[in-house]
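Per TrEMBL, these features apply:
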- 16-266: domain 'G-protein coupled receptors family 1 profile' (DOMAIN)
- 6-24: transmembrane segment (TRANSMEM)
- 36-61: transmembrane segment (TRANSMEM)
- 67-89: transmembrane segment (TRANSMEM)
- 110-131: transmembrane segment (TRANSMEM)
- 171-196: transmembrane segment (TRANSMEM)
- 216-234: transmembrane segment (TRANSMEM)
- 246-268: transmembrane segment (TRANSMEM)
Amino acid sequence: WIAFPFFIMYAIAVLGNITLLLVIKTDPSLHEPMYLFLAMLAFTDLVLSTSTLPKMLAIFWMGSGKIGFVSCLVQLFFIHTFSSVESGVLMAMALDRYVAICRPLSHSSILSVTVVVALGAMVLIRGVLLVTPTCFLIHRLPFCHHHIISHSYCEHMAMVKLSCGDTRVNAIYGLFVALLVAGSDTFLITVSYTLILREVMKSPTEARRKAFSTCVSHICVILAFYVPALFTFLTHRFGQSIPPHIHIMVANLYLLIPPTLNPIIYGVRTKKIRDRVLLLL
C-alpha cells in the first residue's frame with residue numbers, strides 16, 4: 001500500500017514536467033531565460049524520478065529486489081549526476097532572478113539564449129565529470145559479504161558500506177563532491193538573494209511586493225530540494241541513531257518531492273505558464 005502514494009507522486013511528476021516542457025517548447029513568448037531554466041529543471045526532474053521510481057515500484061509490487069552490479073552503477077550515475085545538475089540549475093535560476101531584479105535593463109544582454117544554453121551545458125558537464133570517478137572508485141572495491149542495500153535505489157554511500165575493502169578514498173571523494181556542489185551552489189544562491197533583498201528593500205511598496213512574489217516560487221523549490229538532500233547526506237555520515245526506515249523514507253522523498261512539486265509550484269504561481277496550461281487543457 002505504501003507504493004500507491006509514490007506512484008501517484010510519480011505520475012504527477014511525469015505529467016507535470018512533460019506539460020511544462022511542451023508548453024515552453026511550443027510557445028515562442030516563453031523562450032526567455034527564466035522559462036528556459038525551468039525547462040532544464042523539468043527535464044532534470046524527469047530523469048531523476050524515472051531513474052528511481054520504476055525500480056522502486058517493482059520492488060514494492062512485484063518483489064523485484066535484485067539489480068545487477070553494472071545496472072546499479074548506471075542508476076547511481078544518473079541519480080547523482082542529475083542531482084548535481086538540479087542543484088546547478090537552481091543556482092542559475094537564482095542568478096537569473098538577481099539580474100532580472102537588480103539589473104533589469106541589462107537582463108537580455110547578460111542572459112542571452114546562448115549564455116543560458118552554455119550555463120546548462122556547464123552544469124551538466126560538471127555533474128558528469130564529478131560523478132564518473134565515483135563509479136570507477138566503487139567498481140574497484142571488493143565485495144565479499146552480503147550484497148543487500150538498505151535502500152530502494154543504488155546510493156553512493158549505501159554501496160560503499162557493502163564493501164569489505166578500504167573505502168576511505170570513496171568516502172573522502174564523496175564528501176568532497178557533495179561539499180563542492182552543494183557548497184558552491186548554496187553560496188551563490190545565498191549571495192544572489194541577499195543582493196536581491198537589499199535591492200528590493202530600496203524599492204516602493206508595490207515594486208517590492210512584485211519582486212517578493214517573483215522569488216517566492218524559486219525559494220520554495222530550493223527548500224524542497226535542499227532540506228531532504230542535506231538530511232540524507234548528513235544522516236549517512238553522522239545519523240547512526242536515526243531509525244533506518246526514517247532515513248530510507250526521507251531518501252526516497254528527496255528524489256521524488258522536488259519533481260512532483262516543481263511543476264505545481266511554477267504552474268500555479270507563474271501566470272504565463274498557468275494561462276498556457278489552461279489553454280492547452
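All positions are counted from 1 along the displayed chain.
For all residues, glycine too, the Cβ spot is worked out from N, Cα and C.
Please treat TrEMBL annotations as automatic predictions, because they have not gone through curation.
Same-chain residues lying 6+ beyond the ends of the transmembrane segment (110-131) with a Cβ under 8 Å from its Cβ atoms: 31, 33, 36-37, 40, 77, 80-85, 88-89, 91-92, 96, 99, 103, 177, 180-181. By the Cβ criterion (distance under 8 Å, sequence gap of 6 or more), the transmembrane segment (246-268) is not counted as touching the transmembrane segment (171-196), fewer than 3 such pairs being found. The stretch from 6-24, 67-89, 171-196, 216-234 that makes the most Cβ contacts under 8 Å with the transmembrane segment (36-61) is 6-24.
By the count of Cβ pairs under 8 Å, the stretch nearest in packing to the transmembrane segment (67-89) among 6-24, 171-196, 216-234 is 171-196.
Note on the transmembrane segment (6-24): residues 30-31, 35-36, 38-39, 42-43, 45-46, 49-50, 53, 56-57, 60, 252, 256-257, 259-260, 262-264, 266-267, 273, 276-277, 280 of its chain, located 6 or more positions outside it, place their CB under 8 angstroms from a CB of the stretch.
Within its own chain, the transmembrane segment (171-196) is flanked in space by residues 80, 84, 87-88, 90-91, 94-95, 97-98, 101-102, 126-127, 130-131, 133-134, 137, 156-157, 160, 211, 215, 219, 222, 226, 229-230, 233, 237, which lie at least six positions past its ends and keep a Cβ under 8 Å from the stretch. When pLDDT values are averaged over the domain 'G-protein coupled receptors family 1 profile' (16-266), the model yields 85.
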